[in-house]
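See structure below.
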Amino acid sequence: MQHGTLMRKVKSKSWKKQRYFKLQEDCMTIWYQSKRTGKTESAFSISDVETVREGHQSEVLQSVAEEFPPERCFTIVFYGRRGNLDLIAASAEEAQCWVQGLRQLIDPRSFPLTFALVSRTWIRDWFQKADKNKDGRMNFKEVQRLLKMMNVDMNEDHALRLFQDADKSESGTLEGEEFVLFYKALTQREEVLSLFQEFSEDGKKLTLLELVDFLRQEQLEDEGTEELAMELIDKYEPSETARARHVLSADGFLMYLCSPEGSIFNPQHRVLWQDMSQPLCHYFISSSHNTYLIEDQIRGQSSIEGYIRALKRGCRCLEVDCWDGPNGEPMVYHGHTFTSKIPFREVVSTLGKTSWGNSSSPLPSMGTSPPSSHPQRELVVLASSSAGSQRTRPMEALGTQGASLPPTPQELKHKILVKGKKIGRLEDTLDGPGDEAPDVSDDDNGAEAEEERRRAKVRGTQHSSALQKDKETLAQALSDCVIYCKNVPFRGFQEARSHSRPSEISSLSEAKARKLIRDEGNEFVRHNAWQLTRIYPSGMRTDSSNYSPQEMWNVGCQIVALNFQTAGTEMDLCDGLFSQNGCCGYVLKPPFMRDEETLFNPSDPSSRDGPGPITLTIQVISGQQLPKVANSKEGAIIDPLVRVEIYGVPMDQAHQETKYIENNGFNPHWDETLQFQLHVPELALIRFVVEDYDKTSRNDFVGQFTLAFANIKPGYRHIHLLSKDGTSIPPSSLFVHIRITE
């Protein structure tokens, strides 16, 4: 179609505008324009798209569900904080064409093609930015301006020489393929070429045997190396002739190093690789706090988008706070605050549609229940029927119920576990689950205690005797939803060992947890080997800030709840830990944390069973096409440095950084070696941070990447950087050499 596909762009129930959408010839850019004015409104890159949702999987599309069938609706979700794009196609067939096409383009399995397209798109974008008079040609003055925009401070004579070499037509300007030649000369990777020539006898190609030598000696690939070498040539060598001869060119070698196989993250750990038949308490579980909030804790917006984003990010433990709403309908919001409200029915409907998109692992869900009888009935009915018998109905008892340990993720696939108080005495049930109340620490200035007192006051309202029997029945129905996550107050480790069961769970404030870590670290680890513990943020964190999850993971706490809407180091650590194992939201704890009689204490690493400390050596070689700092002055060029941070047990916490490189964010070279000793590598997370050095004020953030030590691949590796809120920023990367020795 000449103008593209005509679809409705939807912002609200009353705002539905027709727009033409078209995929550009580069297969990496989509633009859309107004049907009425013909003016192009916006464009976005395929690399900005995180996922595509079918049907009414957004608040906006749910609001028009009666008007438009789900087969015609889909949502484009972007990385970071950019708003979703909700669209309605003219037909189900047209919607499927866009959904399947977009999914194929963003599928990481098409990486070689995508990598080449991203590079090509990046070149074209820079050309368009620098071509000030829009004549399709670039003179040397425009090239100098371009270099500043690209974070390059280059000697004018050298820049002129590159310009003249690329100007094959000798017209004094660059156009089309001439600019591509200039760009390739500008981005020549001398450090990669030197490594290539070290293993290449003729300096022009790597034979199959030479590539095998490189993979064994440098990349420490020790199994099926010849088969791997053949696979890499077939996958990344751009020349058909070279592929037929089973050799790898310098371009193919660079493509491999920039690919998933050349990443610092072990690609075998991207998929589900861990044993999922251990008890629930043997796993760290990706967990969110007040999942429905997408802003602050006092006046922020409540939205089903919070649940969708958390689930898409791999979160498996959600929070649902239910309160009385109009006409007896349960509502979800942060009680006794000014946050907005969303109907409980919308939440359970959303969970039914999106809970199993990325993972079939069980989904613990927790929150308070409405105090009144009718909303309790609604809550049970909705939770039981909204998503079918295999999904969000109340958990049925499995064969392992009553065993010495909780059931396994494998046994609980496609199940939602409800955390709450299970009926014993009628008074307990009428009090509701009491999520945070019993575990308040004085260190939090009583904020949680005051919140619970307010909740208790509401729940304690007396009703007529006619309703009391009804409430007893309804409380039993709610109680029946709670099987493996019965909420109990924490009264000490000895009390728990004597009277608690593996099917129970306690919630602790971050301050209470820190005190226990400090005073009874080993007992805390032992407790978490047989029972679930949830940690939640201080009530003083009204800005939705986060605490460090690492210290909680160090003692084996499984459910460490964070505010997913707030970017920062804490969420980087969370994403770094749970980016493995198929992003299923479950990571198996080390063996010494699954033993109820373990001697391990994070404050004394020598108490751990296992080998001695290991040495992690990181040579930071170079950076590629680092982004400018947000809101920087025009013409400003960053002075990048790299800091490597180690998070783990207290003895392993460390950081080191390189020197800064003046005025070069395009291809800085550090060639510096940093070395760390890790006493408990099984718990260590490694965070690579790039900053713009500033001698008069705090350094500015440029990019980061975080991963668990267990997922590191040794050898020459690329680290593909992420933005502050987890967005990929291609083609920005670091090139490093990793060695691990005992």
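Residue numbering: from 1, along the chain as shown.
Cβ from N, Cα, C; glycine included.
What TrEMBL records for this protein:
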COMPBIAS  355-371  compositional bias 'Polar residues'
COMPBIAS  383-392  compositional bias 'Polar residues'
COMPBIAS  429-450  compositional bias 'Acidic residues'
DOMAIN    1-107  domain 'PH'
DOMAIN    118-153  domain 'EF-hand'
DOMAIN    154-189  domain 'EF-hand'
DOMAIN    478-594  domain 'PI-PLC Y-box'
DOMAIN    594-723  domain 'C2'
REGION    355-410  region 'Disordered'
REGION    424-467  region 'Disordered'
Give me the DSSP three-state residue breakdown of the domain 'PI-PLC Y-box' (478-594), ordered helix, strand, coil.
50 helix, 20 strand, 47 coil
Could you tell me what the rest of the chain brings near the domain 'EF-hand' (154-189), counting residues at least six beyond its ends with Cβ under 8 Å?
123, 126-127, 136-140, 143-144, 147, 254, 622, 624-625, 666-667
Restricting to the domain 'EF-hand' (154-189), report the mean pLDDT as a whole number.
84
